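Database features (Swiss-Prot):
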DISULFID  C2-C19  disulfide bond
DISULFID  C9-C22  disulfide bond
DISULFID  C18-C27  disulfide bond
Amino acid sequence: RCLHAGAACSGPIQKIPCCGTCSRRKCT
């Protein structure tokens, strides 16, 4: 399970990581 592009993120360490990377508080 991971967050898709456009989802809000707080950084590399979070409960559900981004599928890609976290940039400007948004998953890319």
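Cβ coordinates are placed from backbone N, Cα and C, and glycine is handled just like the others.
Worth saying up front: this structure is predicted, and the values here are computed from it rather than measured.
Swiss-Prot feature annotations superimposed on the structure.
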| residue | record | Cβ neighbours (10 Å) |
| --- | --- | --- |
| C2 | disulfide bond | 10 |
| C9 | disulfide bond | 19 |
| C18 | disulfide bond | 20 |
| C19 | disulfide bond | 13 |
| C22 | disulfide bond | 19 |
| C27 | disulfide bond | 19 |
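Residue pair C9 (disulfide bond) / C27 (disulfide bond) shows a Cα separation of 6 Å. For the pair C19 (disulfide bond) and C27 (disulfide bond), the Cα-Cα distance reads 8 Å.
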